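**Q** Quick one: the structure is below, questions incoming.
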Amino acid sequence: MSLMVVSMVCVGFFLLQGAWPHEGVHRKPSLLAHPGPLVKSEETVILQCWSDVRFQHFLLHREGKFKDTLHLIGEHHDGVSKANFSIGPMMQDLAGTYRCYGSVTHSPYQLSAPSDPLDIVITGLYEKPSLSAQPGPTVLAGESVTLSCSSRSSYDMYHLSREGEAHERRFSAGPKVNGTFQADFPLGPATHGGTYRCFGSFRDSPYEWSNSSDPLLVSVTGNPSNSWPSPTEPSSETGNPRHLHVLIGTSVVIILFILLLFFLLHRWCCNKKNAVVMDQEPAGNRTVNREDSDEQDPQEVTYAQLNHCVFTQRKITRPSQRPKTPPTDIIVYTELPNAEP
């Protein structure tokens with residue numbers, strides 16, 4: 001039984017480790033940028049670190065430069081703790097990859113797991129590129145469309161962003177053609193429109209981008225039979241992964257507890273049933289049946305021997321119980337005369 005209990009506890013532990021993944025003392029917080037991760041030169045961005053864990057302190061630092069770590073006291077509202085870090089006015093030295101951590105009051109030197117990385121990019125440093133659409137900015141639903149970003153500047157990389165999306169696409173610039181460098185972004189069959197912009201950057205300064213191109217509105221006409229959901233629209237079939245992990249972990253714990261309880265109850269019932277059966281065995285199988293020892297008549301004594309619920313009987317017959325049949329030998333007595341002295 002002890003082996004079964006240990007096995008179930010181990011299974012529950014590893015499943016819970018899968019439902020709630022973490023590296024630090026507490027779960028990782030989330031890091032967001034307001035109004036967005038692309039920040040124009042000299043403007044300010046707010047980096048918000050938040051969590052449903054009641055952290056008292058939040059720390060923010062930029063990768064590669066730990067001396068830039070910032071510390072704020074957390075605010076608590078509606079079960080959420082958060083801290084807003086103001087970064088700006090934006091310069092090249094402030095661009096980079098940021099992470100944040102949480103900490104509670106009684107353990108200020110024990111940090112949570114780090115948040116997911118957030119790239120903060122400074123824009124507006126170089127000449128803006130041009131953005132165009134092929135076959136055009138207005139396409140039929142399901143029709144393929146390609147956006148081309150080009151410039152006379154020798155950018156190594158071009159970046160395409162869609163309004164409302166946090167992540168951008170990037171492609172290396174192609175060879176110079178007719179005095180311009182260009183990168184093509186195939187979007188595939190069009191299902192949803194949107195406003196797009198592109199930027200250029202150099203390989204040795206990936207967080208420093210050019211001015212954005214003029215915005216390009218891509219319109220999709222018609223109703224496709226099977227349209228994909230827009231990346232900016234929440235899907236009703238997709239829930240919060242963290243809440244889903246919590247729900248799965250709780251269900252696993254409850255199931256393991258019920259199985260353990262059923263196993264212990266089954267063992268207890270079996271032991272109790274065996275004890276009752278032993279107490280109710282016939283008394284005749286465990287006692288010696290005999291008459292009063294003072295009587296002279298021969299008698300038969302029957303013993304019952306109990307050995308792990310298997311009964312064997314021995315029948316013992318006293319010598320007087322042997323059959324009273326006359327012996328076959330004939331004995332003849334002869335009277336002899338007394339000898340005189």
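Quick reminder: no glycine exception, Cβ is built from N, Cα and C everywhere.
Fair warning: this is a prediction, and the values are worked out from it, not measured in the lab.
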**Q** Swiss-Prot annotation: C100 disulfide-bonded to which of C10, C49?
**A** C49
**Q** Run through N84, N285 and tell me the one Swiss-Prot describes as N-linked glycosylation site.
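**A** Candidates were N84, N285; Swiss-Prot attaches N-linked glycosylation site to N84.
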**Q** Could you tell me which of these disulfide-bonded residues, C100, C149, has the fewest other Cβ atoms within 10 Å of its Cβ?
**A** C149
**Q** With DSSP as the yardstick, break the domain 'Ig-like C2-type 2' (142-205) down into helix, strand and coil residue counts.
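**A** Each residue of the domain 'Ig-like C2-type 2' (142-205) counted once, the result is 0 helix, 39 strand, 25 coil.
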**Q** Using Cα coordinates, what distance in whole Å links C49 (disulfide bond) and C149 (disulfide bond)?
**A** 34
**Q** I'm trying to understand the geometry here, so how far is the Cα atom of C100 (disulfide bond) from the Cα atom of C149 (disulfide bond), in Å to the nearest whole number?
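**A** Spelling it out, the Cα of C100 (disulfide bond) and the Cα of C149 (disulfide bond) are 34 Å apart.
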**Q** Do you know which of the disulfide-bonded residues C49, C198 has the most other C-beta atoms within 10 angstroms of its C-beta?
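**A** Of C49, C198, the one with the most crowded Cβ is C198.
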